[in-house]
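Here's the structure, in structure tokens; my notes come after.
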């Protein structure tokens, strides 16, 4: 079966509809005629597309029974067929497939489909000759006719060969035994799978003979696609063996890993275009050279990209498509729309050098669809496509501005947004005049990525003239849209001049009154003195625009007056004249149908309209020109026109339009003229013969008008037709455009009578019949495919044929025609049976040479058929030889075996058996695969077990029997992925964004290998999720595992699966388990929050649920938070309402008050995010009464009235009404006076002196008049005592502002004003200064007020008749006081703070500003917090970090004082290394394993892990970065080397350090001893003979104050340290003195030192206490060495010889008196020295003694014996064991020294001062002995002792001490001459 691999390609979506290709690269399909092929359509679509197949010519594919069929799913099926059924139109043609849905229609590239027959061929291999040691080449020789479909797949023969990609067999290094083998080639047909074996060829092997090279295999020119590989064969023979040299373009090949030279030639992989060129292979030896050359062409496959993709735009747009082609440069481009070739026209043009640009101008709806660009080159085609959707792009306004009122100078901005396709442009007008960009108007316009056009008009300082009706108009090529609204600028109203209007009768007209200024009371329209509207066609809008509907000339024409009422009884007017034009009206008419030759008269009459009227005629959209050419005459009068046709013909068919136009409009009327013609035959049907399987056309052509419809009918049979039936029209049968019937593939059932019938509704139908005869070509219907014969016997071969008689049958043997008359061994007989002809070929006798292909050919006048028979002639028979079995491939559960069958025993192989078993079992427990087809030469053994060993053998069978078993093979199967999933998977939600997963490993029997790790797949199982798993991977750690999934979505359900993997792959996943992350608070507020003011004290708040994905939990309800905003800037109390609905009614609100509203959703986890603040104002209502009223006499006939604004205005006060009544006056109603809202006083005049009046007031809003104030009584008087019109009360103001305290007064004579400010017990007069001023009207002005200005102020008005006072309480608001901030709780990532607010400063607190920063920085971050909060949690902080925090409150005045800065630290600390964990896990000679999991994070994740290491004694560190969760191996280390190691782990809290040392082993695994004993010597010498009187706790201050002398025993040198550094003085010791010696030897040497002494305290080795400052001293050092050879047998290592030695150092200083000299001696016991330094395998001791002349009774000795103490402990212990020695005194004292012998341990102390001695202890009688044990640690022991505290020395209970190995590094870092009085363990 032919197989097709389907590859998914990328596709783009256009909305929910899309098209795509599943295999766009498929362009050639070759298949076997005996198998057939199924070909799915390479294209598809969503939703399901209609799939169709076509031939490359564009013809539809039709079904041919048993030959070709198109399935409903679009699959093209070509069935197997015999050679006689071959049809090149079907079996060797170009096809393509299309996919069509609403998005468009796309087509695949042409696909060449070709069927291949089973052709006879013979495979042959020629014998070869080769010299021994040369190369032999065998080639599989295949006939040229079969080379395209047949390839060599295997060779049988020798066991030392390689096969080239061309199928040639190469035998390298030919030997004599290669001549013993037989070489056969096995071929395989690519499409039928048939295999064939060649003859056996032999190799002749000759002895080497000097000769020039001979080419054995070579290459030729070729063309290969880029990315593939190619093999260029080049092999030569000759002696000496020739060398091969390759050249490219005449130059040697450059170095490239892609080019590989092999025995077979040159292989080039991953070909590139630059690999093209001329290649030459030169073969050369000493006797000559040869050359092979050829041209290689590398072709880069074509790749096409079409842009843009999936474009949605509007009609009339201009589109550009660019087709970008990559690959080989030679190509042609073609364009298609909906699979049809694109031809340039008035809209479409194709441009570019390669026609790679397509332009569509003024695109129309029909241009929508799928556009494809095809690039072709030499049969290869690539394509890409784009979906274009054109829609109505008429602009629409999507955002606009509203009517508003602004003050002069108050800037405003208008925004207008519109959408359309193409994007529209926006223009602006003001009262129908264009808005021009200038200093007053700033306009801008821009287009967003989604096509939205946004335009602004900004007026920065508007004047009255800038008010009016603003209109924005959006236009594009598809149309326009507009929006308008009035902007009122306060000021005196007036009307702009208005232009006269021309209206069209029957349409609507708008008249706008261009009034500017505000406020005005109303706009009225009048016509002929009558106020409008006065009928149903007139509408007056609120903005003053008048609409006239269905304008009438008589009624609506005239002058219109716009009257604007600007004050009561005051109006302004402006007129406009309207002229009405009447458009033409065409009286409807029809055009009757007519026939050819008749007359035609068409009249067009205009029944109404303003004159003049112009009338024209058009036909099919074109202006009619009267005259003989058109055959049309036109006669036009004033209001009518006629069209006359004297003789009608077919050309007069069409649409006729009468067009009438005048100054008002243009109208038209269109009708169709139909000229009819009855049908008639142009070509009549005639009897016709068609050949079966070929195409046939039954001719029938008719004409007429309307075009006739042709119908074909069919009656079966060849006699008289009984009954006609309509011919079913399918893809196989179609009616052509001229009416003929096309039969694409004629079948036998198509014979019979056919009737062609035509009609067009004019006259009678016409018809004509004919007879179709189907002729059958000759075809072979029966023959054997294979047959067998016995050698020497008679064999008959039969062939059966049918078809039109006569039929001739011809026989062929191979390619030769059999002539039975000339060859008596053949005879041919013919026998007829019905309509069949049977031909028999007889062979007598059959010979072995007859084992070939025979073919029979049937021939008649209409075609030819062929049958192919393979004859096999057998000789003497026996069981076959066993097959040669080999393994081609081994997998985990299967293996692929291949075999070669040698001799078949002269009998056809009938089957094969394969037996296999477990290696450890016997063949009694075998498994068998039986009866394998003899046509196969390979087999797959399946259902094996992974990682098992099997034994395999094979048998072959013929008709005689079974062969012997083949050679037994032993094979091991590979590992397989696990068969079972992890078990016991458990999910546990940890937080709102994390889930912990735990599980156990799969069952052991299902693991199929070692589990290396796990893949955890998780996905969200919720609406909108894509269903795809996200994968994380972790290494296996044991049988039970745990992993935490982080960064998940909140409160989302996740499905989790776990898979185990081993080296072979990943096993099955566990059953998906679901878990939901914990709830969290909603992250977004409710949507679409809206507030509607219902009444003056009620509002409705509505909203929509937040997006589901942002709830993060189960929605419990909503909380509405609201507070009032008072005019003075203060906030009311914050309130909240909880509800479960999405609406709430707020009742009991303050009237006409601004409120701020926020809505939040809450879950179980708490409150979510609040919505943005929404502002709402309750509606106006009746105002409350004025808060106070005064009335005082102003004169003898007038009074002054003053009042306060209402406490609750409940709206905008439009005016005040003052009432005045006089009791007993007889007036029924009080007098009313109106006052502006800005004025709070009023003078009432024309009153009567001495008469009492009652006065009261009321405020008025748009809702009406409010409650009245209290009534006051007043009496006008001639003499008026002082009275104050202003009121007492409280005035509140922010600080630093100017405040005015009014004190208006009346009186006669005029009162004097005095202001005082109340103090504690007195009133202090207010005097004028720079901050205070009293105006002439009595007002007190205070500037830049401060808190201390608050208080009670008294104003007193006085005249001679009296006085009056008011008291004003001034409250100055200041910023709030600092809050008291504290830390509540902390965590690793958060700090929770709490606070108590301070004083609010007289204004409610509006919120808090929290600032925080990392402790060591000054980069502060701000957080704004609601005024209701008293705590806050800072999240997402760094772990283990100190933070600084401060807080300030904010009120209406501003931000207050900042709180004290507090510091808080999040939990966590720097990493530390766990002392219970080993640092080094493994050490060998080149690698060291480090355990990085010993680091503990300290609660903060480790972010960096740095590793530095270096060999001891080197400077450069090697640095590595490591993962703290893994184990790390240091590789490529030096053998037997000590290393220093530093580790540094860091997290956000800091870094932790760990140091250590380790040594790699020797090559034999032996461990190394540290080369550190010179430190021992230095340290011991320093501490034993140090002149140091300080106690252990006395610190060392400052650097050394004098020269110091150190003895380095192992290096045999002295070191002098002073302020200038360290100087080395080597003692002269020759190499020979250290050479190996049989006998012990001694030698002494010395050196003189001269060094200037500095100060007294110079210690530690040389006692310089008596050296005078500023003098010089000389010293003499003596060094004695005794060497004792050590037997080589006692040395573990044989790298070098070693010696035992002991040494003595004596330091002498000449005394001032020659009789005495001070000296001291340092001796060492026997030690071992070798090339690797001093070892610690033997006891070392150092003895420091005083010179005999000074103190013969005192000496001390320190020994280091083999034990487990480490270096730092030894040093620290000796620090406690200081020897106090004074050479000038006789007594020697030991302090804090262990005394150890075999019987007891004793600790003694001594001192120079008897008073300070301890009475309980005595001075030891024996010489002071300080003994400690110490030995270097083993490298693997270093980590065991780290971080162990060092104890202070005490009475020894054990001779073993253990300390931190990290101390080793610190001790080593001390230079040789350094000296330290104390050691500190870190």
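The backbone N, Cα and C atoms fix where each Cβ goes, and this holds for glycine too.
Because TrEMBL annotations are produced automatically, they should be read as predictions rather than curated entries.
Per TrEMBL, the range carrying the annotation region 'Disordered' out of 1642-1701, 1702-1761 is 1702-1761.
In TrEMBL, the feature region 'Disordered' is placed on 1799-1824, out of the ranges 1591-1616, 1773-1798, 1799-1824. Of the recorded ranges 109-204, 493-573, 981-1080, 1185-1279, 1375-1469, the domain 'Ig-like' (213-293) has the largest number of C-beta contacts under 8 angstroms with 109-204. Counting C-beta pairs under 8 angstroms (sequence separation of 6 or more), the domain 'Ig-like' (777-874) reaches the domain 'Ig-like' (109-204) with 3 or more such pairs.
Two recorded stretches are said to be in contact when at least 3 C-beta pairs lie under 8 angstroms, sequence spacing 6 or more; the domain 'Ig-like' (395-488) and the domain 'Fibronectin type-III' (879-976) fall short of this definition. Here the domain 'Fibronectin type-III' (879-976) sits against the domain 'Ig-like' (109-204); at least 3 CB pairs are under 8 Å, leaving out pairs fewer than 6 apart in sequence. Here the domain 'Fibronectin type-III' (1375-1469) has a mean pLDDT of 89 out of 100.
Counting residues per DSSP class in helix, strand and coil order gives 8 helix, 40 strand, 48 coil for the domain 'Ig-like' (109-204).
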